[in-house]
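Notes to accompany the following structure.
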Amino acid sequence: MDLKESPSEGSLQPSSIQIFANTSTLHGIRHIFVYGPLTIRRVLWAVAFVGSLGLLLVESSERVSYYFSYQHVTKVDEVVAQSLVFPAVTLCNLNGFRFSRLTTNDLYHAGELLALLDVNLQIPDPHLADPSVLEALRQKANFKHYKPKQFSMLEFLHRVGHDLKDMMLYCKFKGQECGHQDFTTVFTKYGKCYMFNSGEDGKPLLTTVKGGTGNGLEIMLDIQQDEYLPIWGETEETTFEAGVKVQIHSQSEPPFIQELGFGVAPGFQTFVATQEQRLTYLPPPWGECRSSEMGLDFFPVYSITACRIDCETRYIVENCNCRMVHMPGDAPFCTPEQHKECAEPALGLLAEKDSNYCLCRTPCNLTRYNKELSMVKIPSKTSAKYLEKKFNKSEKYISENILVLDIFFEALNYETIEQKKAYEVAALLGDIGGQMGLFIGASILTILELFDYIYELIKEKLLDLLGKEEDEGSHDENVSTCDTMPNHSETISHTVNVPLQTTLGTLEEIAC
């Protein structure tokens, strides 16, 4: 029996695509690539498959586009804590300089900066001053035969700024006595200020285990309005208010009290209920935050306020070759002349182009404190006489100078506000996988089947191509070498013995 296939029988053999279609797990293609002629059924299956594939591509492209839009969602949660670290509290008297501490040398160097004297070192508007204050100022501003001495802005602010030891009438933390020694001196744009629970100098951070009044910081202050500088003009440093400015902030964040602080007025007891918020932001491309671990030139931990102060410091040093007292670094302090002529105008110019020069992004991890303020009038009619006797001050003085500040946690919990990626890679793969299963019944393994088929197809084509090239090369060598050898042997005499003929055959094999 002849096993060789006839041409008609060979044409009925399935092609490789038909074999793949009938063995693949991809739905629908086995009905398209069937044995036999083209039918309407095959066409309908092809249309259905192509349509499903098109819908899959549309839905998948929409999901991919949504993923690369880098959307985020915000999760808010309340967490109950066993204890909470009490925040840092920075407070500044709105009057930065005590009038009684000014000397003739101070007025000679800084009188114009303080707006007490004009450019000629004269009192500009004496009719606006209180007679007693005017007389004291005239005595201090008498520069006849005066020889000026050296002047230091740092020493000046230390000496002339309000002393917390004199301002503080009492202090309690969680019902326990505290004092001025529990505060750290810091410098801000308001001059000499004080920070409670700074954690500096190796002091442990104070904690609280209860919420509500009586479980935080309570202080009574005398703002000493009698020491306020007289005002007869307006400058950048002029303040018309009386009281203290307070900022509640994290210990890792420097105070920026001139913009982030709130005011506390004399004659009132102010209650500040606060709640800690822990915020987590996403870095680019999902958000715009910057890692808190990426320090700055003058601060080890990044924060918005640290970035602002760092930027202002670099700008002033670059333009004025000095720095203000509240600015970090090792550049020399600005003189009063540099303050008025360069530093203050430079800060004003910087504020105008702040968005272009000082780009301070939100840190990825941030702790802030929400505040709810309420206040009551002090003293009451029944307590006025007692306070007059206790502090040896009149009722009018108490209402104009004394204030009480009570800061406490509203409850022993904190709020977390966290940005999360709205759409991650796992969700993208899940959606695309679901669409693949819905429209074409495919999976990852089906994709691997396609790649495997393409690989085998390419390998077969390459092997066929290489086989043809080898066959052609072998045929050429047989014609050129092996055909010439017999011709060469014909020239040999017939008397050649058999061993020689055997040797010749071996050489022919090697040559071929």
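Backbone N, Cα and C atoms are what each Cβ position is placed from, and that goes for glycine too.
Of the listed residues C289, C307, C311, C320, C307 is the one Swiss-Prot pairs with C360, by disulfide bond. According to Swiss-Prot, the listed position annotated as N-linked glycosylation site out of N22, N365 is N365. Matching Swiss-Prot disulfide entries to the candidates C289, C311, C482, C512 identifies the partner of C364 as C289. Here the candidates are N392, N478, and Swiss-Prot annotates N392 as N-linked glycosylation site. Among C334, C342, C358, the cysteine that Swiss-Prot records as disulfide-bonded to C311 is C358.
Reviewing C92, C171, C320, the cysteine that Swiss-Prot connects to C193 via a disulfide bond turns out to be C92. According to Swiss-Prot, the cysteine that forms a disulfide bond with C322, out of C334, C342, is C334.
For the disulfide-bonded residues C92, C311, C320, C322, C334, C342, a Cα-Cα cutoff of 10 angstroms around C360 (disulfide bond) retains C311. For the transmembrane segment (43-64), the list of distant contacts is 28-29, 31-32, 428, 431-432, 435-436, 439-440: same-chain residues at least six beyond its ends, Cβ to Cβ under 8 Å. Counting only the Cα atoms, the space from C364 (disulfide bond) to C92 (disulfide bond) is about 29 angstrom. According to its DSSP assignment, N365 (N-linked glycosylation site) is in a strand.
Of the recorded residues, C320 (disulfide bond) and C289 (disulfide bond) place their C-alpha atoms 31 Å from one another.
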